[in-house]
Structure formats: structure tokens, C-alpha cells
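Record features, source TrEMBL:
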- 29-300: domain 'Gcp-like' (DOMAIN)
- 109, 113, 130, 294: divalent metal cation binding site (BINDING)
- 130, 131, 132, 133, 134, 162, 177, 181, 266: substrate binding site (BINDING)
């Protein structure tokens, strides 16, 4: 029964998780929160991660009731993500693996999300909508690869939401996306926004530029409220995501859809996806904020699958890469 410890720190979340044979034993996490109207810079985020990662490691071991002797493998996020935070976590993972004399595994962040989603929901072979601050992809498994059927051609949907929040000075605590979701519930007017789907791909930069250009004027002239803009943005970008997901499901003949990534916590997105799935006679699978948002357990779970399949990362190859596509990884642990 392998026990894998996973480190995740590719963006503003830092987490350490412990997984044993499909059971999450511990999954503590911290978030670097910046003031309203600002984003998080790589250097500042890395300093935050370095300041809390050892406390999180001890917290995870204590919560799991384990010691270093009980751990069989150390997994860490190799990429994609922000360079400085990735490096700060990789250094700790390498050091711990050498101190404890454990094998090391570099994990693709996106595949961590997918494997955690499959574990928690029980989905067998779903079409995956992966939506986060740094990634937006529609994915399906085929012949030992997670194949990308569609993706953003510019910025990720989570990045679009985050930058919209800065325009309206919406709080980053607990996250911009969560606060947009709550404000959208009070929106009453649908403002027409650019809707850009190009085949299987989507574009969010135009809608963001449009809002940046007109938001303050529309608010100043009472054409709409901040809540209306939040509502309109959600309805528009989520409709785009549902459209390309449905098209991928039709192509694959899939009867399952799985939402993963931080934006996947959004209940309105889940509701719209559920409506689409019901109309197709398909099932929707989603998780809550414990596992949708970046966490250490998802890296541990993907590492657990890789460890059992015989994967190991030599120390000479234990760096990070900011650009690490989902379909680069050979998925040897699935049929």
C-alpha cells in the first residue's frame, strides 16, 4: 500500500497532501492573498510559499498520523505554472526526498487535477473541462494520452475573471472568482459581451478588453451595476465553455463530463454543465473547493498512480518547466 506525499505550489496556493491507496490522509493548504485591485507577483508568491511550506509538511504528517519512514515516494508539481513558486517547492521536494532517501516524482499539474477528479467522483472515462487561473482545456483520454480537444488561444478563463475583479476592485479574499460568483447572484441585467468560440477553441482576451474599456462608463451612467457585470461575464464565458465541452463529448461519444480546476468550484458553471449533460443523457461529475482548487493531495494522487506504474524522476531531471502541456505525458497507468 504505497503512501505518497505531494507538494503543490504552481500559483498562489501552496499545499502538501498525503495519499494512500486512493484515500486522502491529509491535505493542508495556504493561500497568498493580495489587496483588492492587485494580482500576485511570482517573487512575492515564492516568498510566501517558502515561509509556510515546512509548517505545512509537518501539519500534513501530523494529520495523517505518519512519520517520514511511512512515506514511499515524494511527488511535486513540475509544471506548468509560475516559475519562482514552482522552483521554491521543487527545491523543498528534492531536499526532502534526499534527506529521507525516497524516490522523487515530477507531476504534471493538469494531470494532478484530472486524477484527483477521477478519484473523488468515480468518473471512469469522462470528457474533462479543465478550468483554472492558468489553464483552460477540454480533454479526453485516448491511447495513453490525455488529448486536448480544445483550449483557450490567449488567456485562461480564471485569469479573465481575476483581471475583471481588479477592474472593479473586488476583494481577493478568499478568491476573486468566489466573490464574482456571489455578486453575480444579485445581477439582474444581462449586458451583451463579446462571445468568441473558434471551432473547438475559445478566446477571453476580447471580452476582458471590452469590459476594461466600458465598465467604468457604464457604472458611472447607471447603465448597469457591478453585480450585473459579474452576472453577464459569468453567463457569457461559461456558455462558451459549455459549448466546446458538448462538442467534444459528441465527438468522443462520451456519456460523462468532469469539471476540474479552481473555476470548477463555481456552482453556476456546474449548473450550466448539468443542464447540458441532462439534455444529452450524460452525467456530470464535479468536486468542491477542497479538491477543485490547487492542493497537495492531487499531486500525491497523480504521483501514486505514476509510482505504481514504475515512474521515477532522476535528480538530474528534477527541475521545473513553466510550459508543460497535458498531452506531453504518457499515461502508462491507464488502459
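From the backbone N, Cα and C atoms, a Cβ is placed for every residue, glycine too.
Features recorded in TrEMBL, as mapped to the structure shown.
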| residue | record | Cβ neighbours (10 Å) |
| --- | --- | --- |
| 109 | divalent metal cation binding site | 26 |
| 113 | divalent metal cation binding site | 33 |
| 130 | divalent metal cation binding site | 25 |
| 132 | substrate binding site | 25 |
| 134 | substrate binding site | 19 |
| 177 | substrate binding site | 27 |
| 266 | substrate binding site | 25 |
| 294 | divalent metal cation binding site | 27 |
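Of all the binding-site residues listed here (134, 177, 266), 134 has the Cα closest to the Cα of residue 294 (divalent metal cation binding site). Counting in whole angstrom, residue 130 (divalent metal cation binding site) lies 13 from residue 266 (substrate binding site) by their C-alpha atoms. In sequence order, 10, 110, 112, 114, 132, 135, 260, 261, 262, 298 are the same-chain residues whose CB sits within 8 A of the CB centroid of 109, 113, 130, 294, the residues recorded for divalent metal cation being left out. Separation of the C-alpha atoms of residue 134 (substrate binding site) and residue 113 (divalent metal cation binding site): 13 Å, rounded to the nearest whole number.
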